[in-house]
Amino acid sequence: MTDISLPQSQPSRPWISAAAVIVASGLYSWALLMAEETWQVLSLLVLAVVATGVAIKTGFVRRVERDWAASETRLNRLAFAVLIALILVLSGSHFALLMISTVLLYFVASLGLNIQFGFTGLVNFAGAAFFGAGAYTAAVLGNVLVIPPLLILLAGGLVAMAISLPLLIPIVRTTGHYAAVVTIAFGVLFRTFLEVNEILGGPQGLMVNSMKLFGWDFYNAPSLGNLEISFYLNYALLAAGLAALVFALFRRLERSWIGLHMDAVRLDETAAACFGISVKRTKILAFLLGNVILGVSGALYGMMISFIAPASFTFSDSLLLVSIVLLGGLGSPWGGAIAAAIVVLLPEKLQLLQEYRFLLFSILVMLVLLFRPEGILPRHLRNFFPNRRTDA
Amino acid sequence: MDFGLIAQYLANGILLGTMYALVAVGFTLFFGVLDVIKFSHGDVLMLGTFIGFTAWLGLEAIGIVNPWIQLVGVLLCSLAGTALIGAAIANWLILPLKKAPQLNTLLITLMLGTAIREAVRLFYPNGSNPKAFPALLPDASVEIGSFALRADSVILVISGLALIGALNLVINRTRLGLAIRAVAQDEETARTMGINYTLVVLATFAIGSGVAAFAGIMNGLYYNEINFGMGLILGLIGFSAAIIGGLGNLYGAILGGFLFAGLQVIGAALLPFASAYKDVFAFAVVIALMAWKPTGLIPERSSDRV
């Protein structure tokens, strides 16, 4: 609609359907994480597929997306609250909290990749290498006690950025497949380097010290009366905080002129340059910022799993990160969150299929690419006025 | 460093270079006709090698033990099977995505590669362990000073180079080659000239995959061992070789293949204290080359239009 018309009579609480979706997703995640029998998991999966199909067919998804855009701040806060509630409810279960934290950190990593890839169109097939650089930084610095642990997270990001500096010249000068080979070569190089380097533990890897925050060691389980609480609760809460922070940054970036420049560079470099946008500067900024985010999430991941080895940061893991971005929809943060949950949870919950998981997973991605190439939740036009209702 | 050692490095480099060039040629052919990167190339190569291995098991089982007949049988089965697989992939996975962003094709073939690798690991009998590939070529060797020239490497290099030469002839001298070059230059004009576009694409993918299967068999005959992961690294190296040579150019792929092998050998020779770093060295030089020549050593001719 191009003409400006007065808002028609809207339901008094337009965000209620989106809020219902958030709460339902929270309940669903709880059910999925608690389900132990294979038949329970399978029926939950079937339920999700059917519900999604019905929601797409009836236009419910589009309505929720519109409502979300209309009252974004409120709904994002609600989503965060539901996430925290979910973490607290599951506070007794090691496995569920580990899963939630892993999903959250992969989500953060996917946001970093999305800045490079969804916004600027820079392909990065070395995501796991930058993620791993953060984790290795945490391992090495964690043994030096003088550094405050919260700074280690930042250091992980800075180291990931620093090792990507030599790549800047080839990244800026190449495009398309030629850029892909630069990052692929770097990913292989990084992994081989870790494997043959004896200071960094070689193929056996390194131990990582746990996170300490204000004198509180994250390896200690918080105690509350005689409730049984897993020490992963610390990490889950910290990961949730990190995810919320990076998500807010991502949204701000998208709405800023920098995000606009990134989109312009992705859509047409020549045209963007004609309008006075520095293609080089935009690409460098996107590449470095994305790698900082990857490094920070990697550092926290390393502390959480407390043991890292080169085998966790291979080319296949980079592919996994890229698949999260593509499955979710390029540039779409919520799509990335759903895709991260699918990629992490599906193989872990279906132990029956554990052996076949990579096979099934690769076939799933192929099917999505063939039949829904725009991803699970395609990105919309940027919303400059997040809390205003548009009738379009 | 004495003569024998240098000659050994040189012989090794030439053999590796031939193998890499054969893989890179496939990437560059596919890019030529469709402007896509088919990343499952390496895993298709691995599948082809396993088909050849299965053919050898079959020939053993029915009692044919003459190594030359076995070799011909293995090559025929492997090349034909792989060519069919390559054409099938083009038909059902790559052509349907022709209109989609290039990245999607790259990703779907990456995933296909994973699927093939996993399928061989899971479903081939005892597929997760390496298999001993038979030595079908004579293992005689000529001693020149401290350097032993193995007959099988000589045969492998000569046949590999002959295959590259034959491929060059096919591309530059036959009607099929003319059609492939026409499609590579301009798809729509080629169609209006009465070229069966789909058929040419399928033929190109069949040829490229068959050539890669030959490289896989070479690999098996030389190292006498094959495993389900061999395709990934060969595919990565072949892709890098095709890129540093310049995509879409047959000579670029050959140059890139030998260059990469040269880098590995130089890396191994110059870093004797740390020969494990040879791949780090080779890939670092690849990145540096990309910074210097962003579209490869023999760039494709292109211009930007807005």
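Placed from the backbone N, Cα and C atoms, the Cβ positions cover glycine too.
Quick look at what TrEMBL lists:
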- A:15-34: transmembrane segment (TRANSMEM)
- A:41-60: transmembrane segment (TRANSMEM)
- A:80-109: transmembrane segment (TRANSMEM)
- A:121-141: transmembrane segment (TRANSMEM)
- A:147-169: transmembrane segment (TRANSMEM)
- A:176-194: transmembrane segment (TRANSMEM)
- A:229-250: transmembrane segment (TRANSMEM)
- A:285-308: transmembrane segment (TRANSMEM)
- A:320-346: transmembrane segment (TRANSMEM)
- A:358-377: transmembrane segment (TRANSMEM)
(message) Should anything in the same chain at least six residues away from the transmembrane segment (A:147-169) have a Cβ under 8 Å from its Cβ atoms, list it; otherwise answer none.
(response) 130-131, 133-138, 141, 182-183, 186, 190, 211-213, 242, 284, 287-288, 291-296, 298-300, 302-303
(message) If we skip the immediate neighbours and take only residues 6+ beyond the ends of the transmembrane segment (A:80-109), which ones have a Cβ under 8 Å from one of its Cβ atoms?
(response) 22-23, 25-26, 29-30, 33-34, 127, 131, 227-230, 232-233, 235-237, 239-240, 242-244, 246, 293-294, 296-298, 300-301, 304, 321, 324, 336-337, 340-341, 343-345, 348
(request) Please give the sequence-distant neighbours of the transmembrane segment (A:15-34): residues at least 6 beyond its ends with Cβ less than 8 Å from one of its Cβ atoms. (result) 41, 44, 48, 60, 63-64, 67-68, 70-71, 74-75, 78-79, 82-83, 85-86, 89-90, 93, 95-96, 99-100, 341, 345, 349
(request) Take the transmembrane segment (A:320-346) and find every residue of the same chain, 6 or more past its ends, with a Cβ under 8 Å from one of its Cβ atoms. (result) 29, 32-33, 45, 99, 102-104, 106-107, 109-111, 113-114, 117-119, 124-125, 127-128, 131, 247, 250-251, 254, 357, 361, 365, 368-369, 374-379
(message) Which sequence-distant residues neighbour the transmembrane segment (A:121-141)? Criterion: at least 6 residues beyond either end, Cβ under 8 Å.
(response) 109, 112-113, 147, 152-153, 155-157, 159-160, 163-164, 171, 176, 179-180, 183-184, 186-187, 190-191, 194, 200, 206-209, 265-267, 283, 286-287, 290-291, 294-303, 308, 310, 312-315, 317-322
(message) With Cβ-Cβ distances below 8 Å as the criterion, list the same-chain residues six or more beyond the ends of the transmembrane segment (A:176-194) that contact it, or say none.
(response) 122-126, 128-129, 132-133, 136, 163, 167, 170, 200, 202, 310, 313-315, 318
